[in-house]
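Okay, structure first, notes after.
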Amino acid sequence: MGRHAEWRKIAKKQRRKRIRTLQATEREKFFSTEWYIKQQEIEEQLILEQINKQNEEENEKWIKAEKIAIAQWKRLQEAKERATQKQLEQEAKMRLEYELEQERKKKEEERIKAAEEEQKRKHKMFMDHLDKFLSGDSVEPPPELKVVRETRSDAELCPFFTKTSCCRFGDQCSRNHQYPGISRVLLATNFYIHFGLSNADINEYDTDIMLEYEDSETYKEFKEFFYDVLAEFEKFGRIVQFKVCNNYEKHLRGNTYIEFAELRCAVAAYRALHTRWYGGRQLSLQFCNIKSWSNAICGLQLRRRCPKGRACNFLHVFRNPNNLFNHNQNYDPEREKERSSRSSVRSWRWSESPEREPLKRVSSRRDESSERRHRRSRHRDREDDDYDDDDDDDDRYYRRTSCRRSSYRR
């Protein structure tokens, strides 16, 4: 490189330096003037105003957000307070209810205890009156027994129940049933159970089930039942009527009516024999009113002309052996005392616990229905003679079977 070029380079550099120095000097002069200072102050003031305005806006936003947060927090606290208050109220309510329930239970227990004591006192008084009545010290029965229970007091009396003390609809009948608290007549519902009665509902599938079982056999076993039961009931007093139903209807089937001569005897029999066991079944006794036996017993049945047969709602009864209690006629006490002593060995059926008796099995069936009709028609012709023969053979039959029976036990 030549000298001129080097000199030129240095000259340009110096020239630029002088220019910068001059500009700096002029700039210093400009900044040192009052106008520039005033402009700077104005700019600073504007900047401060903008900053303050921005700060105010931010502050307002923060205040609004804070207010919203405070409101939310207050609502949350109020909700918590309400929940806490509600919980406290519920706890107080539950505590109050618990205290009231405990108080109610205590009062109820006291009431029940007082009622039980009153019931025990009344029961003791009733038993004392009953014992006096049964022992003969009192003429009148306890007043607690002189009540009548009605199923529908506002309805008409049921004609069948009024006459027979039984109704096929039971207590669901639309008419009124009156149950006496005490009477001279005892009813043992479905007491006499026998194969010939329980299998009476024959349909098309079992038309031959009763071919080998005749009514005479049913009547023969009925006599055994008659003497067993009659001897037991006679221990409590004189009986003026004894009827056993042979109806097929369930509400009448096997019902046994026992009418005593005295009210005291009926009460004693009910007290001693109710819920006792006979032949493996529990005995259920109830008092009933039979105002007229002629109205209760089907009159057409006595002449074998009842169109409904054993499905009749009036009483179809077995004929008592030796026509005892026939049409309310009294029987000879001496003869019945001898018969009772003879039948006392048959009291093996009576017990405090269930006993089972083997059911008689039906023999082989016949295939021809014509033979069944023939046997039934032949049986109807000789039925009256069979009943008379059974009465004559009764003493021999029971002397033959009495040795096989155990003694009576309560």
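Backbone N, Cα and C atoms are what each Cβ position is placed from, and that goes for glycine too.
What you see is a predicted model, and the numbers here were worked out from it, not measured in a lab.
For 86-125, the entry in TrEMBL reads coiled coil.
Look at TrEMBL and you will find 352-371 tagged as compositional bias 'Basic and acidic residues'.
Residues or ranges marked as compositional bias 'Acidic residues' by TrEMBL: 383-395.
What TrEMBL records for 399-410 is compositional bias 'Basic residues'.
Residues or ranges marked as domain 'C3H1-type' by TrEMBL: 152-180 (among others). Model confidence over the domain 'C3H1-type' (152-180) is summarised by a mean pLDDT of 90.
Per TrEMBL, domain 'RRM' is recorded for 211-290.
Among the features that TrEMBL reports, domain 'C3H1-type' is placed at 292-319 (among others).
Per TrEMBL, region 'Disordered' is recorded for 348-410.
Residues annotated as zinc finger in TrEMBL: 152-180 (among others). Outside the zinc finger (152-180) by six or more residues, the chain places 187, 189, 249-252, 255, 286-292, 295-296, 313-315 with a CB less than 8 A from a CB of the stretch.
What TrEMBL lists as zinc finger is 292-319 (among others).
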Tertiary contacts of the coiled coil (86-125), as residues 6+ beyond its ends and Cβ separation under 8 Å:
144
